[in-house]
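Peer 1: Grabbed the feature section from TrEMBL, which reads as follows:
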DOMAIN    125-422  domain 'SAM-dependent MTase RsmB/NOP-type'
BINDING   C233, A234, A235, P236, G237, N238, K239, D257, D284, D304  S-adenosyl-L-methionine binding site
ACT_SITE  C356  active site, nucleophile
REGION    429-463  region 'Disordered'
Amino acid sequence: MALYSAAAAVLTGLERGEGLKSLVYNSGFPHVRQLYALVSETLRYASVLEKLLDGAALLQAEKKLAPQLAKVLVYDLLFGKGLKCGGRWKALARRHRPRLEAELARMKVRHRVSRNEDLLAPEKAVSAGASEVPRYVRVNTLKTCVDDVIDFFKRQGYAYLGKAASVEELKALSGKKFLLDLHLPELLVFPPQTDLHDNLLYTSGHIILQDKASCLPAFLLGPVAGSHVIDACAAPGNKTSHLAAILKNKGQIFAFDVDPKRLATMNTLLTRAGVTGCQLAQQDFLTVDPRDPKYSRVTHILLDPSCSGSGMVTRGPGEEAAPSAERLQALAGFQRRVLNHALSFPALQRLVYSTCSLHREENEDVVQAVLQEWGWAFRLVTAFPSWPCRGLTAFSGAESCLRASPAETFTHGFFVAVLERYKEGAAASSSLPAAAKENPQPGEGMEPGAAPKKRKKKKQRMK
C-alpha cells in the first residue's frame with residue numbers, strides 16, 4: 001500500500017476510536033516508522049490543515065479526494081518532505097500548490113507569525129519543541145562497523161564532526177552534519193527530522209533507526225556471546241536485533257509477542273538485519289513455562305512490557321497523553337505480574353526492566369513492589385553510574401535506576417532498571433539494596449563513551 005493511502009487509512013481508523021500503534025502495525029505498509037511519523041505530524045498540524053483546506057477550497061475543487069488523504073498530502077507538500085512519492089496524488093496536490101501556499105501565507109499574516117510551527121496551539125508548540133530530538137542511528141554490527149558507516153555517509157556529502165563531548169553538542173546539530181554519540185559506542189547522531197528511510201544503509205539493514213533511550217535496555221543487559229536470552233515483549237524488534245548484535249549471532253534468543261501482524265513485521269526487520277539464532281513465538285509471555293527445559297539455559301531477560309507510552313514525544317489523539325489513575329493502576333498490575341514471572345526463570349542471572357513511560361506507578365513503584373517479594377534473590381545494580389538522569393526516590397535504591405527525557409538526555413522519555421541475582425554464597429538481605437556491580441558487564445560501571453574492544457575480524461566493506 002502506498003504511503004499516503006496508508007496514512008489516510010490510519011487517520012480514518014483513529015476517527016473510529018482505534019489505537020494509533022495498532023493501526024500502523026496492522027496497515028500492511030512495510031516501513032512502519034515512516035508511516036507512524038507521517039501520521040503523527042499530520043495529526044499535530046490537523047487544525048492548521050483543516051483551515052488550509054477550507055481556505056483553498058481544495059475539497060470542493062477535487063470531489064473525489066477524501067478529506068483524510070487531502071490532509072496527508074497537504075501536510076507533506078507544505079510542512080513535510082515535499083511529496084517525494086504519491087503518483088497521481090502527488091500530481092493532483094502540486095496542481096493546487098500555488099493556492100495552498102497563498103492561503104498559508106494569509107494565515108501567517110492573520111496570526112502575525114513567520115514560522116509554520118507558530119501556527120500551532122501553544123500546548124502543541126511545546127510538544128513540538130520536545131519532539132526535536134536528534135535522529136539516532138544504530139550501526140548494525142552484524143553487517144558492518146561504525147567506521148564503514150561513517151565513511152559511507154561522508155561519501156554521501158555528510159560532514160562527520162567526531163565524537164560528541166556533551167549533550168549540548170547534539171542539540172547544536174544542523175544540516176548534513178553528524179556525530180558519534182557520547183554514551184553508546186555504535187550510535188550515530190543526526191539533526192532532528194533527518195529522513196533516512198530511503199537510504200541504502202537502512203533498506204539493506206546496515207543501520208537501524210532507533211532512539212537512543214530505546215538502545216539502553218539491550219546495551220545494559222549486555223549478554224556475552226553464546227548466552228540464551230529472552231526478549232519477553234519483543235515486537236517491533238529493534239531491541240531484539242540489538243541483542244543479536246551484542247551476542248554476535250552466537251547463542252539463542254527467544255522472542256515473544258501476542259500480535260501476529262506485529263510478529264510478521266518483526267520477522268521482516270530481523271531478516272533484513274541479518275539476525276540468526278532467534279526463535280519467534282506468537283505467545284503471551286505470561287503463559288510461557290519457566291520450567292520448560294527449552295529455557296533451562298536462559299540467563300538474561302529483556303522485559304519491555306506494554307505501558308502508557310507517556311514518554312514518547314510524537315503522540316497523537318489515538319494514544320493517551322495523560323492516562324487515568326484506573327488505567328495506570330491496571331498497567332502497573334500487569335507490569336508487576338510479568339516482572340514477577342520473568343524472575344521465576346530458574347537460570348536467570350540478569351534482567352532489564354524498561355518502559356517508555358514517565359509515570360512512577362509504572363516504573364519505580366513496580367520495581368519496588370516486585371523486589372519486596374524477590375529481594376532475597378535479586379538486587380538492583382547501579383548501571384551506567386555517570387548517566388545524568390536517575391530514578392525518582394520512591395524507595396531506597398531507586399537512584400540505581402535510569403531515566404531519560406527530552407529535556408535532560410535529549411531522547412524520548414524512558415525508564416530502565418537492572419536486576420541481578422545474588423551470587424551464590426553472597427549475603428542476601430530482605431531490604432531493597434542498590435549495590436554497585438563488582439564485576440561490571442557491558443554498560444555497567446563503565447564510563448559513558450568508553451571504547452569497546454577492537455574487533456579481530458574486519459567486517460565486509462560497503463560499496
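Positions of Cβ are set from backbone N, Cα and C atoms, glycine also.
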Peer 1: Suppose you look only at the domain 'SAM-dependent MTase RsmB/NOP-type' (125-422); what would the mean pLDDT be?
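Peer 2: Overall, the domain 'SAM-dependent MTase RsmB/NOP-type' (125-422) comes to a mean pLDDT of 90.
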Peer 1: Round to a whole number and give the Cα-to-Cα distance in Å for the pair the residue listed as 'active site, nucleophile' and K239 (S-adenosyl-L-methionine binding site).
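Peer 2: Approximately 13 Å lies between the Cα of the residue listed as 'active site, nucleophile' and that of K239 (S-adenosyl-L-methionine binding site).
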Peer 1: Using a 10 angstroms cut-off on Cβ to Cβ distances, just flag whichever of C233, A235, C356 is the loneliest among these recorded positions.
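Peer 2: Selected from the recorded positions C233, A235, C356 on minimum Cβ neighbours within 10 Å: C233.
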Peer 1: Under 8 Å Cβ to Cβ from K239 (S-adenosyl-L-methionine binding site), same chain, six or more residues apart: give me those in sequence order, or none if nothing qualifies.
Peer 2: S214, P217, A218, D231, L302, D304
Peer 1: Output, ordered by sequence, the same-chain residues six or more apart from G237 (S-adenosyl-L-methionine binding site) with a CB under 8 Å from its CB, or 'none'.
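Peer 2: G237 (S-adenosyl-L-methionine binding site) has long-range Cβ partners A255, T265, M266, N267, L269, L270.
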Peer 1: Enter the number of other CB atoms within 10 angstroms of the CB of D284 (S-adenosyl-L-methionine binding site).
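Peer 2: That number is 13.
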